[in-house]
Amino acid sequence: MAARANVLSRHAPGRAPLRLFNQAPLARQWQPSSLLRSPNVRLASTTPEAASETASKAAAETTKEVKETAKEVKRGTRSAGSRFKRYAYGTTFALLSGVGYLYFTDTRASAHQYLVPPLIRTIWTDAEDAHHAGLKALQTLYPLGLHPRERGDPDGAGDLRITVFGHSLDNPIGISAGLDKNAWIPDPLFALGPAIVEVGGITPKPQAGNPLPRVFRVTSQEGLINRCGLNSEGADSVAARLRQRVREYAYQIGFGLGPDAEQAVLDGAAGVPPGSLAAGRLMCVQVAKNKNTPDTDIEAVKDDYVYCVDRLAKYADVIVVNVSSPNTPGLRSLQRVEPLTRILTGVVAAAKSADRKTKPAVMVKVSPDEDTKEQMSGICDAVWESGVDGVIVGNTTKSRPAPLPRGYIMPTHEQETLLETGGYSGPQLFDKTLGMVAKYRKMLDQGPRIAPKEEKPEAKALAAAAGEAPETTTAEKIGSGAKEVASQVSSAFSEVKVADPTENVTTSPDDLTEMAPVVKAPTPSAAEEVAGDRSPYSHVSKEIWATGGVTNGKQALQLLNAGASVAMVYTTMVFNGSGAVTKIKNQMRQEIKKE
C-alpha cells in the first residue's frame, strides 16, 4: 500500500495527497452548508420514527391541497351557477318589465278601467285631490315616455275620419274642458286618442275659485258634482305656457328657437294646426270672465273675453266662449240674445285679429238648462248675428236627473251628495243632450231669422197694378232664407222703374211682370255665401259639438246622427280611466259594422 501511495504521489507531483479514507459521503458533500447547520433538517435515514412523521406530514399536506382544490372547483361551479341564475333573473325581469311597459302604457289595457280608477278613488277619497294626482302623473310620465297612449294607429284606416272647420280629423271624439284647466297636459291627453282636446276655462286674471271641498263623486251613477267656480291661473300665465310649448316644438323639428321659429309654426310652416301641433287634431281653448266682473256691465264682461282671446287665440285652433257654467254667479244670464250677441261679436273680431295667417274658429258653449224654444232661438240668433262658427251643446246642469237604471235606489250618502250645490255631470244627461242637439241642428239649419221689413210704396203700387194679392212680409215670402237674399229682394223692388204720370206710357200687367226681376227662394248656396261673409270658414251649416252623458260608442253615433259633428267626454274618463276614448272609438267601429 505504501508503494502504491508513493506511485500515485509520483504521478501527481505538487498535489495534496488524496484522502481515500474517512471521506464524507458524496451526497453530503454536495448539500448546502446552511442545510447542514439547520437543526430542523433531519435526514430520512436518521430514525424510522422521523421518516414516518415526515411521511404523515407530506400526506396531510397533500390531502389539504386536494381539499383546497376541490373547494376551488366547487366555488367555481357555484360561481357559474350564480352567474347563470343572475342572468336568468335579469332576463326574466327585463322581459316582464318590457311586457309590463307595453301593457300599462296601452290604453286598451283593462287595468286602466278596472284597476286604476278604483285604486285612485281608494287612495284619494277627495275627488279633486284625485284629479290633481292624475294630472300630475300624466305630466310626470309623459317626458319619460311612460304615459298611457293609443298604440297601433287604429285611426289610420280612416273609418272615423271627419272634416271640421276645413281640417281633416282622425275621429269625432273630443275631451271637454275641465280636465286640463291651465293647459298643463294637452299632449298627454292627445296621446289617449281624441282628435280634439279642450283646455280651460281660462279667465283674464288668476282666481282661486270656490272654497274646498268643491268636487263630489256619485259613484253608483258614475257622476260628478262640482262647484269649482272656474279656478284659473289666468290668461297671461297660460299663454306663456302655450308659447313655450310652440317654441319647443319648433326646436324639435329644426326651426330653431325664438320668436321667428314660433311665428313660422303659427303660420303653418310645420304643416300642422298651430294649436294641436299634430296632424288630424285640434286644440280648443275655452275662455270665461272673472267672477268679480259684474254681469250687469256687458262692456266689462266683453272686455274680459276679449282680453283672453287677444292673448290665447294664436295658440288655439278653436276659441270656446263659456257662458254656461252654473258655478259663476250671473254667467248664464249672458245667454240672452242682446248681451250674448255683443260678447260674441267682440270675441269674433278679436279672433280675426290673431297674429297668424289662419285664424281660429269661434264656438259658444251653451247650458243644457237653457232648453226652452225661446231661449234656444235667441242663442241661434246671437250665433248668426255675431258670426260665431258653431255651438257646443251641453255643460253641467243644476238639475238632478233620475238615477240609472230606472228605479234604482241610491245609497243614503249619495243621496246626501246630490244635495250639494254645483253642476251635475254623468250618464243621466245623455238623453237631454241628444234632444238638444237635434233641436239646435234644426234651428241652425233654418238660417238666420229675418225681421219683417215694410215694403216700399213703389213696390206695393207695382204689385197692385199687376193684380197680385199683397203679401204680408218679405221675410215670409222667402221663408227661412239668408239676410243677403232678403236684401236682394228689397233692392229688386227698388230697382223697378215706376211710370211717370207726365209721360204718355201705357203699361200692361204682363209688361210689369217682365220688368220685375224674378225672386227665387233661397238656396243652400246663397245661404252659404252669407256664412262665408261672416265667418272665415265657408259653410252655412254651423258646427254642433255635443258634450254631456256620453259613455259608449253607440251614444256617440246617436249624437252624430242627430246633427253633431263631434262627441266630447270628460266624466266617463274619471270612472272608466284613460282608455275610455279608445274604448268608445272601438265600440263605434263595431256599431258601424253591424249596420
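One is the number of the first residue shown, and numbering goes on along the chain from there.
Cβ atoms are placed via backbone N, Cα and C, with glycine included.
TrEMBL entries are annotated by machine, without manual review.
Annotated compositional bias 'Low complexity' per TrEMBL: 47-61 (among others), in sequence order. Sequence-distant neighbours of the compositional bias 'Low complexity' (47-61) (same chain, 6+ residues past either end, Cβ-Cβ under 8 Å): none.
Sequence annotations record features per position, and here TrEMBL assigns region 'Disordered' to 47-77 (among others).
Mapped onto DSSP classes, the compositional bias 'Basic and acidic residues' (62-75) shows 14 helix, 0 strand, 0 coil. Sequence annotations record features per position, and here TrEMBL assigns compositional bias 'Basic and acidic residues' to 62-75.
Annotation comment: TrEMBL describes 160-445 (among others) as domain 'Dihydroorotate dehydrogenase catalytic'.
The region 'Disordered' feature in TrEMBL is assigned to 448-482 (among others).
Annotated compositional bias 'Low complexity' per TrEMBL: 460-476 (among others), in sequence order.
Averaged over the domain 'Dihydroorotate dehydrogenase catalytic' (543-590), the predicted model reaches a pLDDT of 98. Residues or ranges marked as domain 'Dihydroorotate dehydrogenase catalytic' in TrEMBL: 543-590 (among others).
As a summary of secondary structure, the compositional bias 'Low complexity' (47-61) carries 14 helix, 0 strand, 1 coil according to DSSP.
Summarised by DSSP class, the composition of the domain 'Dihydroorotate dehydrogenase catalytic' (543-590) is 27 helix, 9 strand, 12 coil.
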